[in-house]
Amino acid sequence: MGLELYLDLMSQPCRAVYIFAKKNGIPFQLRTIELLKGQQYTDSFAQVNPLRKVPALKDGDFVLAESVAILLYLSRKYKAPDHWYPQDLQTRARVDEYLAWQHTALRSCCTRAMWQKMMFPVFLGQPVPPEMLASTLAELDGCLQVLEDKFLRNQAFLTGSHISVADLVAITELMHPVSAGCKIFESRPKLAAWRQRVEAEVGESLFQEAHEVVLKAKDMPPLMDPALKEKLKLSVQCLLH
């Protein structure tokens, strides 16, 4: 059995892995795990990833979890072009720096913005206090400012003049609040221009393909299965803080 990627394109790290593999011509078998249907809780998936999270990679008998680890594994194994994860010590350190920051900063507020603005009220039927959403959106705005001032600065991409895995991870995060109707690029021309450059490097068709599911999420019908609804609510209550 060749390379298998367990993904749900509703998930931002899954989209980053999907885009990277497709863009670099890496052959893989897509194994879709639909998070909103609770497929991550099945015993069969737990045998692949006991953490019950996606993305997950299976390469023969080798199994790997965590999106950053998967991206770097694919980059090394398939000898992706150097710009994705540069050999230059300091440029690579800049990529590592961004990946270390975003996991608890940008990812956290992007995920909470999307769920509080759209998924809780529309999909789970659970209203979110306006003051909570306002606080989350203010935090997101602060993270976007750090993204501009600390990482993008006056460069073409987050770590220099070429696209890297840092840009893939960042753009897929930002499309989460975009899918919920947050106009995060409208008042930030520098970030908007960066987004256009990332899309151009990835390819508009691939970018749209990877984000089709999440951009249609606002049209999903409410979840009706009461048992699954309660299970999902419990798993995402941390996003209401």
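Positions of Cβ are set from backbone N, Cα and C atoms, glycine also.
Listed in sequence order, PRO13, CYS14, ALA16, VAL17, PRO55, VAL169 are the same-chain residues at least 6 apart in sequence whose CB falls under 8 Å from the CB of SER67 (glutathione binding site). As annotated by Swiss-Prot, glutathione binding site applies to LYS53, VAL54, GLU66, SER67.
Taking DSSP states H, G and I as helix and E and B as strand, the domain 'GST N-terminal' (2-82) has 36 helix, 17 strand, 28 coil. If you look up Swiss-Prot, you'll see 2-82 marked as domain 'GST N-terminal', on the strength of sequence analysis.
If you average pLDDT over the domain 'GST C-terminal' (88-222) in this model, you get 96. If you look up Swiss-Prot, you'll see 88-222 marked as domain 'GST C-terminal', on the strength of sequence analysis.
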DSSP puts the residues of the domain 'GST C-terminal' (88-222) at 99 helix, 2 strand, 34 coil
